[in-house]
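Taken verbatim from TrEMBL:
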type   : residues : note
DOMAIN : 193-272  : domain 'Rhodanese'
DOMAIN : 298-382  : domain 'Rhodanese'
């Protein structure tokens, strides 16, 4: 779309038909800025980092775009080559040493931030420095290569279905998706007539819980990168509901970036829909006292369903709860009983709201969300 040159590393999984190969030591000049290529395999075989030098600051590199090798508070996942698990973990260790050798003054700009599926411990900051990460990043604090490899091999990660789509698009290239660049604004009647496969409400969970359009799923705009790809498949049509124009635009941008660009349009303003007497649904939010009461009653038709990741649950859980990861509800909802009453919980209630919205869209009628979830439960226990 912009005409920019696209680069890839020297070891792709297959031919990259739309990009040029960049190799260690290649340099690109942009005014006073020199961009140097580093080969940093581990996360993927062809992973690259880009170091930039500024002529006005000659004492070492100014910054480095670390991609998926080094994040703020975490490092890249290495589970994409399970048959080579130890090898690729070792490659990442070596790549991180190469990046750290750039110097503590170097600013790092990673490809992802907090909430990404590419790492569970990322801090909610857009940049850091090598010096800060060397002193605070748990993975960089592991100095021994074998210990680092062991830690990486023991990690547990989920792989959303859209990863396969991303792999293909990264090799073949993607369409410009012009329909998304000029989004169609839908009226209230248009939503019902759109025929979209998914009606996606991107407002905050409390707003969704208070009242949402019938059949809409809950996918807050900030959670789209991590969870949309679990519930929406390639080619599915999408209609969005947002509270304001900026929220709608951001939601569309997030979806396009993960290849889910078949967006028929978006509607802004759900409250007016309620005022016009349209059918609305709601999902109750309950507190710790109510959860404790239900646990004490040991009701036969009620389940507390924990939708956190497995590693979170292993660090602490409510004994009587059951577990299904939120993303895996895309198919595992079929294992549940539509006539049963489910209370959804996670760490705070955010992912639980996504889970509740998805189950509601699949015909589950007896749902509520534990507000505060594990955080609130832990605080109540003292």
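Just so you know, glycine gets a Cβ as well, placed from its N, Cα and C.
It should be emphasised that the depicted structure is a prediction, and the values quoted were computed from it without experimental measurement.
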DSSP residue counts for the domain 'Rhodanese' (298-382), split into helix, strand and coil: 35 helix, 16 strand, 34 coil
Secondary structure composition of the domain 'Rhodanese' (193-272) [DSSP: H/G/I, E/B, coil]: 33 helix, 19 strand, 28 coil
Local confidence of the domain 'Rhodanese' (193-272) - pLDDT mean: 91
